[in-house]
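Asks: One structure is given below, represented as structure tokens, and several questions about it will come after.
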Amino acid sequence: MILVINAGSSSMKFQLYKVTNNNYEVICKGLAERINIDGIFTIKFNGQEFQTNEDLSDHSATAKVLIAKLKEHKIIQDFSDIQGIGHRIVHGGEKFTQSTVITDEVFAEIKRMVTLAPLHNPPAIAAIEAFRRIVSVPNVAVFDTSFHTTIPEENYLYSVPYEWYTEHQVRRYGFHGISYRYITKRLREVLQKPAANLNAIICHLGNGASVCAVKNGKSFNTSMGLTPLEGLIMGTRSGDIDPSIHQFIASQTGASLDDITNTLNKKSGLLGISGVSSDLRDVFKSSKDNSRSQLALTMSAKRIAKYIVDYANDLGTKLDAVVFTAGIGENSSEMRQLVINEVKLLNLELSTQANQSSYENEILISTPHASYPVYAMRTNEEVMICEDTYHLINK
Ligand code: ADP
């Protein structure tokens, strides 16, 4: 069995996999929410659901509760049933070009990376620390940035003094790489193409959202940058803005750099424009009689379309497919249609019927007249983490 952990600032998701002959089966999963607030841990196993509000005061306490509950509900007999633990880590910098077993040196390096990702890496570090302390099985780090380490210099550098890169590592890193890797793998199977020939534009549209240009099976460009703030208009993040807005708002309101960065991360995007919600479903619902919600939808769709056209220009006529994935991309036929309506330079005509159909893993949603096929495809970051963990500890 392999345990996959995805730690957020106040949450910890887990999936427990049983691995047999290259088959990865989820046997139990769960979510600890509101850690250090009024924590509640929900565990699903064998069609049953258990909940507990035992001590979830931090990630360490939550890890202890998870281990105890797995035993208590006889999901595992002993912790030795679990061969390894895979952790999702947002930022791996330039150093981690692939997943790796967490040795003391690796862990020290991941901790040093906190300067690059002060908002995103600490929860994973807390979780790794906890599991390393409680149980003695290998821990594996799987990074959101690794897939993007193939991006060429012309796409990862910013037009700032070069020393900002050499001395402070200021560059585009990109995120959602675990999802992009999964979709690229799945797309190869669907299109029956070798990786070396695969060219695609993948739109990972969740609360956090980004677009990736995959050229010859590798990441060639992506919309998120040094941090996950750049690029698309997201649930609460602004995406691309004029960098001078920081200074201007500071001078107008007296807000600190930290306050403004926090506002750009947590109070902007769909929430900031609509004033209603960061959740796309609420924004759609309210858009009938709220012009700001309508505006938020139009602006989001136009921003996604802008990146699709930009990346199509990079990939040229070799483009094999455009893919929509993650919470919004997988589920919102309305958003997919709005985006495609805004892509005016490519003929990506959607079939209304296919776009609105339910599906299991993926569905072709473009018409036969479209210049390039468009898919909605379900991502699965957890299974990628599980596969990497399994392979690294059985090397
Ligand atoms: P993250 O993992 O980044 O937190 P998700 O991938 O879960 O985000 O996506 C969350 C977004 O997906 C929310 O904006 C939510 O409204 C949207 N979403 C989820 N399900 C649906 C649905 N059935 N229809 C429309 N939007 C949906």
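Counting starts with 1 at the first residue shown.
Each Cβ is built from the backbone N, Cα and C atoms, and glycine gets one as well.
Nobody curates TrEMBL annotations by hand; they come from automatic prediction.
From TrEMBL, for reference:
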- ASP144: active site, proton donor/acceptor (ACT_SITE)
- ASN6, GLU381: Mg(2+) binding site (BINDING)
- LYS13, HIS204, LEU205, GLY206, ASN207, GLY208, ASP279, LEU280, ARG281, GLY327, ILE328, GLY329, GLU330, ASN331: ATP binding site (BINDING)
- ARG88: substrate binding site (BINDING)
- HIS176: site 'Transition state stabilizer' (SITE)
- ARG237: site 'Transition state stabilizer' (SITE)
Asks: Does any of ASN6, LYS13, GLU381 have a Cβ within less than 6 Å of an atom of ligand 1? These are the binding-site residues; tell me which, or none.
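Replies: By the Cβ criterion, which requires under 6 Å to ligand 1, there are no hits.
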Asks: Please identify, from the binding-site residues ASN6, ASN207, the residue with the sparsest Cβ neighbourhood, meaning fewest other Cβ atoms within 10 angstroms.
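Replies: Counting other Cβ atoms within 10 Å of each of the binding-site residues ASN6, ASN207, the minimum falls on ASN207.
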Asks: Neighbour count, 10 Å Cβ-Cβ cut-off, for ASP144 (active site, proton donor/acceptor): what number do you get?
Replies: 27
Asks: Quick check for you: of the recorded positions ASN6, ARG88, ASP144, ARG237, GLU381, which have their Cα within 10 Å of the Cα of ASN207 (ATP binding site)?
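Replies: Within 10 Å of ASN207 (ATP binding site): ARG237.
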Asks: Taking DSSP as the reference, which of helix, strand or coil describes ASP144 (active site, proton donor/acceptor)?
Replies: coil
Asks: Taking just the CA atoms, what is the gap between ARG281 (ATP binding site) and ARG237 (site 'Transition state stabilizer') in Å?
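Replies: Taking the Cα atoms only, ARG281 (ATP binding site) lies 17 Å from ARG237 (site 'Transition state stabilizer').
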Asks: Using a 10 Å radius around each Cβ and all protein chains in view, which of these binding-site residues has the most neighbours: ASP279, GLU330, GLU381?
Replies: GLU381
Asks: Using a 10 Å cut-off between Cα atoms, which of these recorded positions sit near LYS13 (ATP binding site): ASN6, ASP144, HIS176, GLU381?
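Replies: The recorded positions passing the 10 Å Cα test are ASN6.
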Asks: At a 10 A cut-off on CB-CB distances, which of the recorded positions LYS13, ARG88, HIS176, ARG237 has the highest count?
Replies: HIS176
Asks: So which recorded positions out of ASN6, ARG88, HIS176, ASP279, ILE328 end up within 10 angstroms of the residue listed as 'active site, proton donor/acceptor', measuring C-alpha to C-alpha?
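Replies: Those close enough are ARG88, HIS176.
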Asks: Reported as an integer number of Å, what is the Cα distance between ASN6 (Mg(2+) binding site) and the residue listed as 'substrate binding site'?
Replies: 5
